[in-house]
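As recorded in TrEMBL, the features of this protein are as follows:
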BINDING   B:149, B:150, B:151, B:152, B:153, B:154, B:155, B:156  ADP binding site
């Protein structure tokens, strides 16, 4: 199996995302190795030794994806025995021409605490935790969005992702049997913030499966109960014109991107 | 201000990360617009209209970063009036030659629920929530890592990031005054899992500031208390040889990358 290295004097997240996207186009497996925070010439030489060792072991030149601000470190890695992808570099000169200004690389400008919106993101994470699962109905005024849906339809991971990645304050509220009675009605508390509501739904089969992993053979996990709850919430979304999406086939990344695209909600971080 | 568009028939996360990394090299601000899930020719034409409109409004050709698997959609976007960066494309042919196999692009291969490790990540998020803040000491056997430190030293956001991004099950345990007494000793429960412990510490000034936002003028937030607690935990880490890092200047992304690099912990997702 060929090895792919991801190297940076920062977190190496950018190298990973780029390399992963490129390699995902090929129907083979790779052995992934990330080496972040390579900040000195000495560390860079050691990285090159690792690349050389892997080449010797496998007989295949490793792929090396890197973004490095420090010039000395970059120079060393660019001379590794791997197949080197300094993938940002070739875009810099043309972009300098277009923008009419020289690039001014600085370390840790992405994925760092120095990003202007860093504190906003951490505050949003704390908000999501404090307002998870209907735990706290007093702070909905602060919410950027309130995710609603039945238990285990994907509200909590989505709230956390929106907070961590985008600095969006997402509360979430689970509709329970108590809310349902004869027919699910919108709780008064939520009605007050109706413009912030976004509904999630999910296929009954998938919900049954997820709930069964949690509480096998319970009424809570039964197909009958899952179907009933989902029918009620979907009827509510339609009756009250609450925008919603079916999360069955989507990851938290996809659900979050769809919510942003559909609601026009402004993210705090790019 | 020049506009940067991020376009994809998936989440557009890859385009965003690449574009953001490139633009962060330049000391100017950009207006960012993401348009994910552009999956039909009709939608692509509408995107091109938006790009053209922005050009007309600003007099500056927008930058357009895109990765698109669907051929028709890609063809249309590549003819937008913007400055188009189909940044993966030029790497594909050379890589096909190196690997000796043709690329086989499939939609939604990254950031999608179809990734093999998706369920592991969601399980890890649920684990992090259930084992946050010392809430549950029974499941430490399942933990990949247990973050320890005083209240507000960064344990919770780091646990969630490790779970969401890497599928790592991270519990966290806050040392409290009860644990301290005369001198902070390692609680018996934690000693049993000592090999999994990783400590966080933080500058007293920063801790004082964070705690003051939460409970101003409390003993909890006082400089004296912050200094005392941090001295105790740092002494403990050294005495017990628990690896630790100072989170003061680092983002959750950086803390997580450093923990992975230092501990050699295997991530479940790349």
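Using the three backbone atoms N, Cα and C, a Cβ is placed for every residue, glycine included.
Annotations in TrEMBL come from automatic prediction, not curation.
Of all the binding-site residues listed (B:151, B:153, B:156), B:151 has the fewest other CB atoms within 10 A of its CB. Proximity to chain A, defined as a C-beta distance under 8 Å, is registered for the following binding-site residues out of B:150, B:152, B:153, B:155, B:156: B:156. The most densely surrounded of the binding-site residues B:152, B:155 is B:155 (count of other Cβ atoms within 10 A of its Cβ).
According to DSSP, residue B:155 (ADP binding site) sits within a helical segment. Within 8 Å of the Cβ centroid of the ADP site, not counting the listed residues B:149, B:150, B:151, B:152, B:153, B:154, B:155, B:156, the chain contributes B:172, B:174, B:200, B:202.
Around the Cβ of residue B:154 (ADP binding site), 25 further Cβ atoms fall within 10 Å across all displayed protein chains.
When other Cβ atoms within 10 Å of the Cβ of residue B:149 (ADP binding site) are tallied across all protein chains shown, the result is 27.
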